[in-house]
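Report on one structure; see the data block that follows.
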């Protein structure tokens, strides 16, 4: 989107624009020169007009579907808004008298951050993950806020000359949104906890509490400082609308609107959430066969080829469907634009159902020695890679042992996972440079010259949502720059105080590269609900820059990933605050508070677990004979991870003994990328056997293919402007990203999730826009809320009752949860044993 010269707002211009919007025109009008009308009379006219329009708006909402136009938009002022999904969901009502940062906000934010961080950290050291769902927190906070509004005293106090009260009145939507945003700031365990636990449990380096917390805080907050640089591109323009937050806005509207208008919406949401909660017990616990219905495997029963092609847990998942919402929700099908999911589906289908089967059955890269869809790391004989065989007692690389043993090997699908990851990162950056480079440079050039209290984008000047909040004070650029500088200074000091092996220039370089990736990734995230990130690039870059320094690699990887992700998290939350009409200052305070409080809880809970349980229990180093067990590289040990928890849940076999799987994966990653290094993994010239690595082509060809695909698209755009290439629903970066999702996640996710996307964002949105506008997001939020609540209940039940080898909470085995093959895809007698369990 090209930026035009900025025109400052005036009262007169606002008035004329209001009338322009009332007539449905998406164009900027100029000031009237009529000197016969005073500014006061104009304001009176506008206020009277606003009252009438508010009454009209209330009438529209009272009549439900009858008030929606053909596109599902209730407010005529928004009929030409550039993003119809926003116009259908976000209303134009704002009450500046509503309290925002109240005592209730601080109280509930603190409660939920403490509860959420404690639960997520406990399960960080369990074999399966449980966290408080954002929708559950949103629902509970709604009722808790109403309870506080009725119970707290309303008597005002005066402190330091400032008048305040514990209870300013009605529980408002803005307060509610700030509590949820503060919780989001720490809803997941801080990513830096992985390296800290790996350093202590494997490398014997225990950081003191002040420096450990400093590490966690700086990795979480550094990215926030970049938001000031990018908010004019990633937050203000209407086109940057963040599809994933619209369901949250829809739920806020249902909870805080006029009960006469929203009662039916709330009833529908509660009915859907309740039904989902009841149903989800079937695939999650009682009848897990519903999680995976491998039709091809059933039809071809007895054939090992059909087993490999059709199994969704061990094979390629062709014709595998799921009736488990946890799998169906994989692509966020009710929230993500259909064109984005179509790109991901095309990439995944080409990789999983065509490329991988052909390569596997032709034994490419020795595929037949490994499971077809495994994300584990193996040795050349096909067994799980044993890191302890190549490490000295001081946890350094034993080069002789490495040459006698093996360099890492992967299944063909997991090797291609890295190829697609490199290609998606390259394509993402190339696309932003070629198609949006001029706009980006112009916006960045004006960052420091923009007035923090005025609209900063020509489209923002025409945006009716901006006009509702144009009088709110904006956070100056200098405050974001100060936050960034403080985090970098503290982070640099912590590197040396904590002996993190990373030099000061390494931190600055990693943050700079992450900042460069943030903008193209953010543009994709804000429009397509797809976040590519820096997972692949940061690991390879850190390993290449700091070979032989595993702790430095872990540290650099965390900063590289978190700076980008946290910047986009705050940008997304700023957009949510914009939709909820929350001033930027108040939102930033709430977000930083939640993010700042979380690391203290993460570290305290981790210390309690490690000090009480010990390393042996957490790492499973003691076998039944009391001997130390060798450490193999588990799922995702080479840099990926995930998906295994869903398979374990579907099988209904939960063990709750302590098991620091995530910590093991961080250690394994530090060995592969830090101790051995990318040169050995992808082939190098050091004279070792790894110089002939079968993966030496992955990195250069991945980056080249990604850039070449976008370059070809750009050349077509230049050669044939009439074809309007930029309007094609085709994005190479998203296609490659879709291919990279597997085998990290089970292929059971793919078919059913795409079918739900077509039904919602395709059929219902196009052919039933009124139904879509009113119910789609509430349907998705209700299904997510109910399904996630079941996982929370099961997780807590397993934690409390299934301890010390006891299985008090378990479903008796029956036909619907077979102990051998929960999906009834039984392995045939001639199935190669390596597919079921590596040696």
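Residue numbers in this text run from 1 along the chain shown.
Cβ from N, Cα, C; glycine included.
Note that this is a predicted model, so its numbers are computed, not measured.
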Given ranges 373-393, 394-414, 415-435, the stretch to which Swiss-Prot attaches the annotation transmembrane segment: 415-435
Stretch carrying transmembrane segment according to Swiss-Prot (options 564-584, 585-605, 606-626, 627-647): 585-605
Swiss-Prot annotation of transmembrane segment - which of the ranges 436-456, 457-477, 478-498, 541-561 it falls on: 478-498
Stretch in 177-197, 268-288, 505-525, 585-605, 781-801 most in contact with the transmembrane segment (210-230), if contact is a CB pair under 8 A: 585-605
Other parts of the chain folded back onto the transmembrane segment (478-498), taken as Cβ under 8 Å at six or more residues beyond its ends: 207-208, 211-212, 214-215, 217-219, 221-222, 224-229, 504, 507-508, 511, 555, 559, 592
Contacting positions for the transmembrane segment (585-605) when only residues 6+ beyond its ends and CB under 8 Å are counted: 100-101, 105-106, 109-110, 113-114, 117-118, 121-122, 178-179, 181-186, 189-190, 192-193, 196, 209, 212-213, 216-217, 220-221, 224, 473, 475, 483, 566, 570, 573-574, 577
Candidate with the highest Cβ count within 10 Å, taken from the glycosylation sites 386, 749: 749
Criterion met for the transmembrane segment (697-717) and the transmembrane segment (728-748) (at least three Cβ pairs under 8 Å): yes
Residue 398 (N-linked glycosylation site) CB neighbourhood, other CB atoms within 10 A: 15
Contacting positions for the transmembrane segment (177-197) when only residues 6+ beyond its ends and CB under 8 Å are counted: 100-101, 105, 108-109, 112-113, 116-117, 120-121, 124-125, 131-132, 134, 137-138, 141, 145, 207, 212, 215-216, 219-220, 248, 252, 551, 554-555, 557-558, 561-562, 565, 569, 573, 576-577, 580, 582, 586-587, 590-595, 597-599, 601-603, 606, 610, 660, 662-663, 665-666, 670
